[in-house]
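The transmembrane segment annotation in TrEMBL covers 20-40, 60-78, 146-166, 200-229, 241-258.
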Amino acid sequence: MALCGLFTAIALQARKVPGAILWAILCATLVGIPFGVTHLPTSFIDVPHSLTPVLGQVDLLGALNIAFLPFLFVFFASEFFSTMGTTLAVGGEAGLLDEEGNMPQINRPFMVDSIAAALGPWVGIPAATALIESSAAAEAGGKTGLTALSAAVMFLLMLLFTPVALMIPKEATAPALILIGLNMFSGLRKVDLANFTDGLPVLMMVMITLIANSFGTGIAGGLLFYIVIKAIAGKWREIPIGLWVLAVPLVYYFATLVRH
């Protein structure tokens, strides 16, 4: 079923069909019906439950307890590096990065993401954040805020059709993740792999991401390895001052992960 969706996505993308990944997910979902993988809901419309029981149920003062500071730092670091990686990856796919690989006005997506992460728990949901799957929209041609607003409206409307969203099995969405991951690897062509002090940190970043199942942790680990490898190779002058400053919280971040 997943292979069916993958082959469909490849065929459609090769022909530049708009929404190729979405069509592939739909195709795989339909194929899964006769095999019992896709379970049809009893109703296609469902009114969302009230947010009253969970709305505003947060304990800010309790979270500021000194015993919780390590957890707060881990959450912040993971959120920060995940957002940074997602922003640069999606920005690169959309062609929004400059010649040095930096995104102009990167503070804007960070501001949006931080506000969403802070307000999410107030309505009883996990911290909302940007996801690397957003690169699928950039690959389809979405490069402005109108793309995000359109997606937000569709998500809002989808609240009425939650059973339809839940019927889509993970096997149907797997092809999308495979193609997005493959597309991310295309960025490795810009890395000088012949220079091991540049290539090895990138390799470690990929490995840590897979092992930890966390994009943010992978980036944090890659940056730390970059500092260590450049230093022991005698190329410490190539390390930006900002990374030296960042090394301290990075070490604390991984030490906290190990302890907890």
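A Cβ is built for glycine as well, from the same backbone N, Cα and C atoms used for every other residue.
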Two-stretch contact, the transmembrane segment (200-229) and the transmembrane segment (20-40), at least three Cβ pairs under 8 Å: no
Range from 20-40, 60-78, 146-166 with most C-beta pairs under 8 A to the transmembrane segment (241-258): 60-78
